[in-house]
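Copied over from TrEMBL:
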- 45-290: domain 'Orn/DAP/Arg decarboxylase 2 N-terminal' (DOMAIN)
- Lys67: N6-(pyridoxal phosphate)lysine (MOD_RES)
- Cys359: active site, proton donor (ACT_SITE)
Amino acid sequence: MKPLGPIPAGFGVTNGELTIGGLAVRALVERAGDTPLFVYSGDLIRQRVATLRSAMPDRLKIHYAVKANPLQSIVQQMDEIVDGFDIASGGELELLRAAGVDLGRVSFAGPGKRDAELELAIAAGAVLNLESESEARRALAIADRVGLTPRLAVRVNPDFELRGSGMKMGGGAKPFGLDAERVPALVRSLIAAGADWHGLHIFAGSQALSAEAIIEAQANTLGLAARLADEIGVPPQHCNMGGGFGIPYFAGDLPLDIDEVGAALAQRFADLPDDLSQTEFCIELGRYLVGEAGVYLTRIVDRKESHGEIYLITDGGLHHQLAASGNFGTVVRRNYPVAIATHFLAAATEEVNVVGCLCTPLDRLADKAFLPRADVGDIVAVFCAGAYGASASPATFLGQGPAREILV
Ligand SMILES: *Cc1c(COP(=O)(O)O)cnc(C)c1O
């Protein structure tokens, strides 16, 4: 038997069926039309943002990293409750425009921005987080050609990393940002060229569950920002401190203690050097805001046995849930939280493998999971599906196509 990850709080049960936002899964499937289906709870997202705000110092702005879940209805809800958006492509910029977001609240990071994307962002008044000197030159030339003052921040490749981070984005050679020691010269040249220097972007990693590790990374981030501001000689208007707040996916994972993080940050903010005393700070979070608010629902289409093992074969799979299948940046495959949504909270009686419908052995949703008896027609729920699910999985693989998505 392999343990399942912890089911996030905030879901209910009625007549033995899982409920999301108070609605039972069969009714949700009927409303959406069919499985496979992602259901996102607007209440859980709002609660998450509210809890986070109350834990963090007032001075800290909260940005949503759109790549975690770019669904238009989620973006529109976020627009009412967060202070800004972080994007990493021209496509995401167009998506925010279509959702009606004020593009002046957007910052655009990411290596390999094409000229057309730079122009789009400059014309929209978004902040560009520059990733290299050559990108800076291209942005300045484009701004000059279109006759606009570009809003330019510089992304710093920090000289430290976020410990325990699922994805390391700093420390050593990286395709992201400028090595810290090269930042002051670039910023001075941007200011000299007449750009609106917006500030610094320092992102050290993702998916950390240790408050201690985040506190350490934030302290290092503020220390680095202070050193750079001092060397540049001009205080930054803004400092994007990155994010990295993780969520529990696997057995044994414990939630991040955000009160501890907020208390430590409040102390640091009370003690900032002069160069940062007027600076506006933000964090950029994706999965922490939406990950636990989403559930992936997939129907069992076959039940079979092979060499003594039971297989529940579903109409979903890795083409919607690459991360849950264990094929998105994991070394050892572990089980996400998974349940039989149509017999939710029923006693587990058998060990089963829950697999997808793709013709590849990689397509697994749960291995050797101890679950209640389930048959053809029952619905499986994969939790922690709100971030990096629909938009980070190969939906066209094997001609399957995308899952349905609803926000309730
Ligand atoms: C992906 C990414 C994020 C969001 O990461 P989460 O783990 O979803 O919070 C934030 N900032 C940058 C620069 C990123 O690349």
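Cβ atoms here come from the backbone N, Cα and C positions, even for glycine.
Automatic, uncurated: that is what TrEMBL annotation is.
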Three-class DSSP assignment, the residue listed as 'N6-(pyridoxal phosphate)lysine', comes back as helix
For Lys67 (N6-(pyridoxal phosphate)lysine), the nonlocal same-chain Cβ neighbours (under 8 Å, six or more residues apart) come out as Ile87, Ala88, Glu92, Gly286, Tyr388, Ser391, Ala392
So Cys359 (active site, proton donor), by the Cβ count within 10 Å over all chains shown, scores 7
Simplified to three states, DSSP reports the residue listed as 'active site, proton donor' as coil
